[in-house]
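Here's the structure we're looking at; comments come further down.
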Amino acid sequence: MDIGVALSVAGVAMAVLLGGIGSAWGVAIAAEAAGGVMTEDPEKFGRLLVMVALPGTQGFYGFLGGFYIMMKIGLLAGAQAVSPMAGLQLLFAALPVGMTGLISGIYQGKASAAAIYLIAKRPEEMGKAIILPAMVETYAVIGLLASILIVSGIKL
Amino acid sequence: MSIVEMQKVHIVSTKENKDAILKTLRDSAVLDIQAGNWGLGAGAETDLDYRLAELKSAITFLEAAEARKKSFIESFLPAREETTAKELNKVCQDFDCRLMLQNTKNLDERLANLKNLTNELHNKLTLLAPWQSLKTKLNDLNNTEKIRVALGSIKTKGLESFRQALDQASKATTLTLASQTKESTFIIITFLTTEAAKIEKLMAASEFNPITLPLLDNTAKAETASLNNLLKETKEDLDELHKKAKRQAQNLKQLKFIYDNLLEQKHELEVKQKLANTNYAFVIEGWIKKSDLEKLRNKLGQATEVLAIEPAKDEKPPVILSNPKVLAPFELITQIYGSPQPTEFDPSVPLSFFFALFFGLCLGDFGYGLALSLVSLYFLKRYKLPAGGTKLFQLLMLGGGTAMIVGLLTGAYFGFSPAEIPVPFLKTIQIIDPIKNPLTMLVFSLALGVVQILFGILLQMALHIRNKEYLQAILDDGIWFVFLSSLVLLIVASALSLPIAGVASKLSLAGAAGLILTQGRHKKTIIQKFLSGLLSLYKVSGYMGDTLSYSRLLALGMSSTIIGSVINILAGMVKGSGPVIGIILMVVLLVFGHLFNLIISTLSAFVHSTRLQMVEFFSKFYEGGGREFRPYKRVAEYTTIK
């Protein structure tokens, strides 16, 4: 194992960690709101579950970005040699998906909570409610895309 | 692909026909009744709301008492009782609802009381628990003139030092242990009233936590025994009441029938408020499909006049969408956004192709597509879904179909690539591997975006032409279309170094010039015209942002495939963990992993494909905000009439 691999692994960790934290945070915000609504109306569980799950995707994007780096350096098959500079590049490549995931996850959670209150009052507007939080997610998708494009462009 | 033509009508008849006519209208569900320009009439004073609330709380109570396990699906689709109008009426006449409600209410109250009592008993028992070893009656543990008694708890690890401190401070003080746990020790301290100040100071310093017990003529142990007896009796009572409630729950059906009947009565009263009345006659105003007009006339018969009315100029008819059966599910997307204005196109058909394609690209796996289609088909066949639900599952079924096609072309089968499947044929139909060539897929996604955006501008142009706004059609939509498409052409041509690059650049310059000249035409002075024309070019950045938004098609497609392949890799790893357990773990991981990924990816695919229609596509030509057609028909929460 050399420093290049270590840096790449740091990149993997960064992507997975930040995305995961963002999602956990966001899902918790949405789940709190859903719990509150369900004290009045437990029948809405199914609908609310969908809304609570919405900020959960950032965690996957982070994992995905991390996994893409792992595949790049063949980590699952015993890691090929990575130059220190390439390792550093892979570490930076993890930042777009990690940071956008962290922050958009939290804010998507807030948007989901607002949408949950919408459903509490007007359950028939589920369709509209589900679209609003997805607006926030766009930027996590773009972060993931940027990370993937950067990783696929890096020469080891 | 269109919006159905509507007719405004007045239905006029004599008073005695009112109920019969309303019933016919309700059962045929063809007329959207509105209050005419005579305004809303006064509502009748009724106790319907109160009775409905009363019934609702009884139903909720009995449903809880029934304790029937509801499936997850039922929380989306409450099962409805199927019945006939005759049976419903019979139940409403025969069933003694008053008595039933009174009983339920009593039960509810008694249950609540008993639950409170149980809590109270538990609290008392907890309070007495540490003092079981005391031989003294509780009311003897009281202060006297000369001696004080203090009961309380102290941290076990601070006990020894507290004892020493007491010993040093006063010889006349005693400390008795009642019980001890690892954390706290329950003690009784007796001391002289004269020394109280000193001792209490010590107690405070050692974090002594005083406890007050009820002054009973009984020991703690005896009291606990009698409380336990009481608790047991209460529990028996509770069980008895629960059984009783469960028996009462057999009448739930009747209560639900009566609830729906009252709900319909309330609805009818609300509708009656919208009518205009004279001493002998009345008028109903509303909208009906033009094609239904004759049918309604025949149904209502001779004594009733159905007059076709010319709507006022600014009056907007309600909107019904009508599309061929295959495309009808896409109306759901339009309805989520908002029905079209009567002057607009129904965007369901133009968006259908794009939505299906985008959904397929986002899900992007043959296996997932197949699973989704089958599950949707199962739901459509097995459950009686409301209109919106039917459309949703039809949409998912179609989307699953396109995902299958995309999966074949990109080589994705539950996360496996064709190289991992021993069917050589699959390799030959794969045209691209998005994971190895993300750039190609990115360009393809953006190209789809360009196509949809340009198509949107063309639709806007068609709309302007249909509404005879020719100037806007040519100057706004026409020039923008030429400008943007020549820009795209220029980019493509210079990327591939095609010879048409020169033509394209001239064309786009001409387009830009055209925009500068025309876009400021509403301004007053020449300079303002020029400046706002120039500024309009800035809108290009908006179009660029819209196009980039389509990059999500690539990202989401990759995410579902890669998560799928990760699940497969993990499953391969656990397989080696043991001879039998390995296989079991692998199967569990594969089933739950892929199921989970299917759900998450379907949600993403639906949400993001919808967003692309609403934000990037609709913004070019569609406004929405029309009023949906809501015919007068039976309302119900628990029943359906055959």
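Cβ coordinates are placed from backbone N, Cα and C, and glycine is handled just like the others.
Positions annotated as coiled coil by TrEMBL: B:224-279.
Per TrEMBL, the feature transmembrane segment maps to B:353-380 (among others).
Feature annotation from TrEMBL assigns transmembrane segment to B:392-416 (among others). Sequence-remote contacts of a segment are chain residues at least 6 beyond its ends whose Cβ falls under 8 Å from one of its Cβ atoms, and for the transmembrane segment (B:392-416) they are 328-330, 332-333, 355-357, 359-361, 363-377, 379-380, 385, 426-427, 429-434, 557, 561-568, 594, 597, 602, 605-606, 609.
Outside the transmembrane segment (B:439-459) by six or more residues, the chain places 345, 347, 350, 354, 357-358, 361, 432, 477, 480-481, 484-485, 488, 543, 546-554, 557-558, 612, 616-622 with a CB less than 8 A from a CB of the stretch. Taken from TrEMBL, the feature transmembrane segment covers B:439-459 (among others).
Long-range contacts of the transmembrane segment (B:479-497) within the same chain, counting only residues at least 6 positions beyond its ends with a Cβ under 8 Å from a Cβ of the stretch, are 450, 453-454, 457-458, 461, 504-505, 507-508, 510-512, 514-515, 518, 540, 543. As annotated by TrEMBL, transmembrane segment applies to B:479-497 (among others).
The transmembrane segment feature in TrEMBL is assigned to B:553-574 (among others).
For B:580-607 (among others), the entry in TrEMBL reads transmembrane segment.
Residues of the same chain lying 6 or more positions beyond the ends of the transmembrane segment (B:580-607) and with a Cβ under 8 Å from any Cβ of it are 358-359, 362-363, 365, 367-368, 371-372, 395-396, 399, 403, 414-415, 556, 559-560, 563-564, 567-568, 570-572, 574.
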